[in-house]
Amino acid sequence: MLCFQCEQTHSGTGCVIRGVCTKTPEVAAIQDLMIFASAGLSYVAKKLPDSCEAERKEAASLVIQALFSTVTNVNFDADVLTKALYHLVDFRDALKAKLPEDVELPLAATLDFSRDRETLVKQGESYGIASRQKTLGIDVTGLQELLTYGMKGMAAYAHHAAVLDYRDPDVDNFLLEGMAALTDHSLDIQALLAVVMRCGEASYKTLALLDKANTSSFGHPVPTNVKMGPSKGKAILVSGHDLLDMKELLEQTKDTGIKVYTHGEMLPAHGYPELNKYPHLAGHYGGAWMLQRQEFINFPGPIVMTTNCLMEPRKEYAGRVFTRDLVGWPGLTHLPDRDFSKVIEAALESEGFTEDQESRSHIAGFGHHTVLDSADAVVSAIKKGDIKHFMLVGGCDGIKSGRHYFTDIAEKAPKDWVILTLGCGKFRVTDLDLGKIGDLPRLLDMGQCNDSYSAIRVALALAEAFDTDVNSLPLSLVLSWYEQKAVCVLLALLHLGVKGIRLGPTLPAFITPNMLKILVDNFDIKPIGNSAEEDLQEILAAKAA
């Protein structure tokens, strides 16, 4: 196996024996084949006659589900993934009967996928990253992976929107186009870069789509005090990103006496009016995803994993974990739909918290709607000099010690700077008491990783107010990355022409030196420095210049 799609990949170069995420070579091979089959299906779907629009839409749905299933820490169940792979292939083959006779097909559209698991895994090894590096070179393969990971992130966000009945034909069409491009080995670096930039455009549309889906379904987030700890009583913990799962669980637990807590990136749920209206949405438990193996042991009730990030469960709590939708781990109880009766039964049978715990509070819900409602006051504060700078510190969190940099840079920023945060990277700064500038908190939690759209909307609005461009604003972006949704967000920012992004804690292993030179030359992307102090001095010097 060779997998280097996440920031924690082994030695910063790639996992070759077993994933740092605990993904096995078997699962890695099947996931590689899911990408290969998705590319073949996408090619076929793009060649269908105009009369086959329904089939093309279904193909996009299957590709979205397949891509999301291969995102880091989503599904580790080889049986489930194999079944999904065969479904892709069977649908691909059914669609080929609708093609004109003169259509030439690439190998990904014709390959006969073995129905024997051992042989199937060997096939996966033949069409994975390592084999393409040998035949296409590291730069072309690296760009293919950059494109693939951007589309994986897109697929995750598009899937969340789709479960709320929101689709965008432009998003679907690009996913088919982008995946089909992976079958064309004649594309050189410049041609692939062009597709990657189109992926950035489609990524931005996907972020906008999910924002519309969430706010139309649950209302615009509003600033909300969230208790960051538990209270006495029976309890259910919900992790992941799926707000519809949260809504349905809250509805089904009404009047049961059970308290529902958010975990990880579900924290922003508290800011949505249609979720916060439930009084038994009692607070938040724990920190970022990578702490779950310690935190879940001490949670006295069932745990629902709605999306990533799932880690290998410890035996002490594995029997209390329920997976939903595309999430999977062998042996865990999977819920095929939003009937949470088993979870509720488990909560009622569990001890629950025996006493209230003293805990701090955190204000969530500073989405773009709330911030832009105060735009005049913000612009006035900038003009008066009360606010000198904005700095976005957020993204994905992870376990590396170097990530304390993100805490340091927020804590040591000048007192007249506003800190924007989002994603699970927020847990690097939520413990900080940064105070206020006038009536505005210096720390504004804008939501989940997909709520990068809110940060972009605010930046674009400020640029318009000052009759300038985003790169001329008093704004710095310091992004932490971990998995493929962060790649989607990064490509969206590059599509908008945003420059000078600091990325860390390390640069992606799939970015080759030649690719990095292109990103630096065109977008001034830079790795985070040796220390927060050094980078702050560099930012201040650039402001003064």
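Glycine is treated like the rest: Cβ placed from N, Cα and C.
Pulled from Swiss-Prot, these are the features on record:
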BINDING   Cys3, Cys6, Cys15, Cys21  [4Fe-4S] cluster binding site
BINDING   His241, Glu265, Cys309, Cys396, Cys424, Cys449, Glu483, Lys485  hybrid [4Fe-2O-2S] cluster binding site
MOD_RES   Cys396  cysteine persulfide
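Sequence features, as recorded in Swiss-Prot, placed on the structure.
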residue	record	contacts (Cβ under 8 Å, 6+ apart)
Cys3	[4Fe-4S] cluster binding site	Thr9, Gly14, Cys15, Gly19, Lys23, Ala28, Ile129
Cys6	[4Fe-4S] cluster binding site	Val20, Cys21, Thr72, Tyr482, Glu483, Gln484
His241	hybrid [4Fe-2O-2S] cluster binding site	His160, Glu265, Met266, Thr306, Thr307, Asn308, Gln448, Cys449, Asn450
Cys309	hybrid [4Fe-2O-2S] cluster binding site	Thr72, Asn73, Gly240, Gly264, Trp289, Met290, Gln292, Cys424, Glu483
Cys396	hybrid [4Fe-2O-2S] cluster binding site	Glu7, Gly423, Cys424, Gly425, Cys449, Ser480, Trp481, Tyr482, Glu483, Lys485, Ala486
Q) By a simple count, how many Cβ atoms lie within 10 Å of the Cβ of Cys424 (hybrid [4Fe-2O-2S] cluster binding site), its own Cβ left out? A) 25
Q) In this structure, which of the binding-site residues Glu265, Glu483 has the fewest other Cβ atoms within 10 Å of its Cβ? A) Glu483
Q. Of Cys21, Cys449, Lys485, which of the binding-site residues has the most Cβ neighbours inside 10 Å?
A. Lys485
Q: Provide the three-state secondary structure of Cys424 (hybrid [4Fe-2O-2S] cluster binding site) computed with DSSP.
A: helix
Q: Note the Cβ centroid of Cys3, Cys6, Cys15, Cys21, the recorded [4Fe-4S] cluster site, then list each other residue of that chain whose Cβ lies within 8 Å of it, in sequence.
A: Phe4, Gln5, Gln8, Thr9, His10, Gly14, Gly19, Val20, Lys23, Ala28, Thr72
Q: Could you tell me which three-state DSSP class Lys485 (hybrid [4Fe-2O-2S] cluster binding site) falls into?
A: helix
Q. If you draw a 10 Å sphere on the Cβ of Cys15 ([4Fe-4S] cluster binding site), how many other Cβ atoms land inside?
A. 23
Q | Where Cys15 ([4Fe-4S] cluster binding site) sits in the secondary structure, as DSSP reduces it to three classes | A | strand
